[in-house]
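Lifted from TrEMBL, the feature list:
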- His172, His325, His329: Zn(2+) binding site (BINDING)
- 149-166: transmembrane segment (TRANSMEM)
- 187-209: transmembrane segment (TRANSMEM)
- 221-242: transmembrane segment (TRANSMEM)
- 254-275: transmembrane segment (TRANSMEM)
- 287-306: transmembrane segment (TRANSMEM)
- 364-388: transmembrane segment (TRANSMEM)
Amino acid sequence: MKKMTLFPAWRGAGEGHGWGWTQCVRWESGEGGPSRGLECPLWCVLCRGGKERLEQACQRGRGALHLSADMLSIRLPQLFDIHQVPKVFREDGIMSGYRHPRSSAVDCILSSFQMTNETVNIWTHFLPTWYFLWRFSMLCSTLDFLTESYTWPLLVYLLLICLYPFTSSCAHTFSSMSAEARHICYFFDYGALSLYSLGCAVTYGSYVMPDCWVNSWLHQHFVTIAIGNSLFCTSMSCYSRFVELQFPHKSKVMRTAAFVVPFLFDSFPLFYRLLSCCWGSCSPNEALASHSYHLLFAFLTCFLFASHLPERLAPGRFDYIGHSHQLFHICAVVGTHFQMEAVLTDMASRKDWLTSHSFLPSFLGTMGVLALGILLNLGIICIFSAGLPQTPRQSTSTSSGAHLHQE
């Protein structure tokens with residue numbers, strides 16, 4: 001009578017030892033008969049040739065080990081080359097690694113654990129989201145965000161630096177569900193970046209404004225103008241997707257300008273402070289050093305976004321790792337880190353002077369502005385989403401040899 005036993009095997013301490021799976025599945029042919037175990041780990045079903053090795057091990061068990069067909073048919077979503085997907089899904093210089101343009105939500109999530117041309121894009125913003133959330137939680141334990149109004153601009157900023165990378169990660173994850181879903185995903189991505197620029201303006205107006213600009217007309221209307229910039233950013237970037245196929249160069253210029261304009265406006269106070277120090281009007285400090293690093297990575301981010309380097313020089317060589325959008329994500333996150341450190345330093349070092357020479361931030365001017373910005377940007381996203389052309393939903397069960405190209 002055949003008997004099957006399940007247990008792990010301990011190989012001792014040290015490198016290459018510990019708990020192993022060589023004897024995890026073991027069968028015995030009868031009394032006095034030889035005992036045999038699997039010659040490969042169970043996770044080999046996910047490795048190259050793993051399925052065949054597991055099937056061979058099952059056959060050697062002479063039927064003692066029975067695994068369901070589902071376990072032996074685990075498959076990750078199929079990938080396609082650039083000529084197999086519609087134009088709306090194509091990226092300059094990226095020749096392979098495209099997901100099915102009608103992927104299901106489950107396929108999209110699974111693809112984040114598969115090496116595609118979007119995988120690194122997903123994780124380079126998903127993981128930093130948790131870093132910023134961790135920093136937020138640490139600050140919550142040291143600052144009184146509920147009752148101390150001086151901290152409310154920082155609260156707005158921290159919420160938005162957690163929001164924009166998470167939204168970007170979701171957009172890259174689910175952008176292959178359909179052409180319409182792709183547009184809507186990136187509409188929300190643009191909206192989150194637009195709100196982030198608004199959060200920068202709220203924070204800069206409260207903590208970074210040069211001493212000689214405090215209580216000036218620009219200082220008093222800084223956030224109001226930033227709201228208009230935010231709406232301009234979202235509208236222009238969303239509209240650029242409607243002309244992307246017919247006028248790709250024009251679309252790129254419009255989208256780049258949509259994000260450069262709010263950045264330049266938000267950074268005017270910072271530019272003035274840095275130039276003043278260069279002219280000898282102030283002494284360098286830790287905050288300005290962090291601001292300088294932030295500006296460096298911000299300009300590098302813009303360059304990568306606009307240039308499509310290095311994949312533009314060697315199409316197909318950087319499809320999975322090293323293309324410009326991945327580097328763009330990394331530079332943006334690193335720049336945001338330095339920006340956060342600079343804001344925290346300015347907030348702490350200038351608190352006494354700012355509270356004695358300027359008005360304290362109000363709830364309406366911080367959280368109220370955030371709520372208004374969210375509502376207005378959502379309205380813009382809804383308008384552009386409603387204007388997208390509708391196409392019938394198709395099944396993702398296309399055979400591996402099917403041609404997916406649609407003009």
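Cβ coordinates are placed from backbone N, Cα and C, and glycine is handled just like the others.
It should be emphasised that the depicted structure is a prediction, and the values quoted were computed from it without experimental measurement.
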Of 149-166, 187-209, 221-242, 254-275, 364-388, whichever stretch has the most CB pairs under 8 A to the transmembrane segment (287-306): 254-275
Most Cβ pairs under 8 Å with the transmembrane segment (221-242), selected from 149-166, 187-209, 254-275: 187-209
Listed in sequence order, residues not in His172, His325, His329 with Cβ within 8 Å of the centre of the Zn(2+) site Cβ atoms: Glu118, Val120, Asn121, Ile122, Thr124, His125, Ser168, Gln326, Phe328
Considering the transmembrane segment (187-209), which listed stretch of 149-166, 254-275, 364-388 counts the most C-beta pairs under 8 Å: 149-166
Sparsest-packed of the listed binding-site residues (His172, His325, His329) - C-beta count within 10 angstroms: His325
Residues of the parent chain within Cβ reach of the transmembrane segment (149-166), under 8 Å, 6 or more residues beyond its termini: 125-126, 128-129, 132-133, 135-136, 139, 143, 192-193, 195-196, 198-200, 202-203, 205-207, 333, 336, 340, 343-344, 347, 351, 355, 360-363, 366-367, 369-370
